[in-house]
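Have a look at the structure below before the remarks.
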């Protein structure tokens, strides 16, 4: 009986892999790239993590939809895509520019652009965020994409010997004199697209929830405490 059960599991796994491969081929035919097929919390629906963002596909590959998918919990709606991507987000921790809170209560990751007014405003208030127990981690998200000077300047900042100093200087208007091909920045940008980032700053909680744009320190703390309940 145990051997039969194991064999059935193997057949089911093989069928699932075959279905995933078929879905992948179908998406590739529409020029969707770097596809990873995952399960979803909805029966009959698969999650496709792609360079173009998170997509949801029926198991037969006939239907596709894009947009936010929320799990309705007792504490309110939770973005499913963020939960899927949070491990990938944290795998970039060594590439983040981090401003740690001494008495850390919350950690947020901010997709930022050095030309963004509200990013400047957020950066100017870092001490206030830190004093409230909020650690801020930055990832690069040049709003104009990869083929521009800002992306190259941000690459120089993120790969500097002292990235914190380099970013602080850039925020004062002292931009890098030498620029670099945006390799790390490209990874950050693509992750931002997967999260659904459309502008900066975009704030992501430790659970992968995308809060949105700039929030004053006290307002951000309130939002984080509400999502943590």
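Backbone N, Cα and C define each Cβ position, glycine as well.
Here's what Swiss-Prot has on this protein:
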DISULFID  116-119  disulfide bond
SIGNAL    1-18  signal peptide
Listed in sequence order, residues with CB under 8 A of residue 119 (disulfide bond) and six or more positions away: 110, 112, 113, 200, 201, 214
For residue 116 (disulfide bond), the number of other Cβ atoms found within 10 Å of its own Cβ: 21
